[in-house]
């Protein structure tokens with residue numbers, strides 16, 4: 001997929017998330033519950049009934065409008081796309097996007113009216129956003145590498161490919177600067193692909209053997225693999241391949257979660273993004289799936305502290321079974 005196509009897709013998703021409740025209410029069959037509004041109140045929160053009568057809370061987050069069941073024990077939460085799928089069981093992301101485009105086409109007035117009025121500000125320092133990373137199609141060997149060398153099931157690989165969290169990148173490393181590396185792109189809070197975890201082609205490792213394991217230039221964000229079904233659980237790992245292994249393990253148990261990788265020891269900006277993302281998605285359980293060694297335990301502790309800053313979130317540890325340091329080691333042991 002070209003960079004322009006990826007940019008257009010992301011631009012449309014951002015626009016859909018910015019649609020105000022009034023613009024999507026008719027399409028989604030939502031009814032504003034005035035009684036619940038008076039009962040619960042809360043500045044910036046509104047309360048709506050779905051066609052099934054479920055009460056949901058809607059508010060404007062940093063990246064658009066988000067919802068979650070008012071009853072905290074309920075499942076689901078996220079953006080309008082997630083709400084469409086929640087109301088229409090069996091609908092996939094494509095169905096949701098096609099339906100919500102109807103609201104996008106007629107939302108100009110609503111969108112302008114819903115924008116908050118900002119007070120004039122004094123002169124501020126302008127921080128340049130990170131330069132987007134140039135990506136290309138994943139290398140031809142990517143699927144075989146993940147499946148045969150890393151033990152990732154083809155169903156998990158296909159899920160990652162559908163959500164475009166696998167790509168290709170030419171980092172320009174010697175001995176072959178033109179070689180395409182398998183890339184797991186990191187996205188910033190602003191939606192910019194700024195960094196990637198890389199695996200090189202065969203022979204790119206030290207001494208001309210194996211595959212190189214490096215990172216691209218640019219500021220790290222988060223590698224984010226959406227869940228296959230609605231969930232309020234997120235798993236955070238040290239690396240994207242470890243994240244794919246966790247996704248495969250959860251699928252074995254018929255469980256679902258958003259999977260996030262920090263690409264190693266997380267910095268402060270990544271921890272802030274993690275807390276923000278958990279809030280945006282209505283996450284109530286952040287599973288700490290870092291390696292079972294000292295470095296992994298330290299990273300897990302950092303992520304746990306970041307998560308509890310924003311909301312009361314459960315943070316269970318999910319270390320791999322005995323004998324394995326990381327979930328990627330577990331996945332490799334599952335190979336036939």
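Glycine is no exception: its Cβ is also placed from the backbone N, Cα and C atoms.
So that you can see what the record holds, here are the features copied from TrEMBL:
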REGION    196-219  region 'Disordered'
Same-chain residues at least 6 beyond the ends of the region 'Disordered' (196-219) whose Cβ lies under 8 Å from its Cβ atoms: 130-131, 133, 135, 139, 141, 145, 167, 169, 171, 173, 175-176, 179-186, 188, 239-241, 261, 263-264, 269
Tally of residues which DSSP labels helix, strand or coil - the region 'Disordered' (196-219): 3 helix, 7 strand, 14 coil
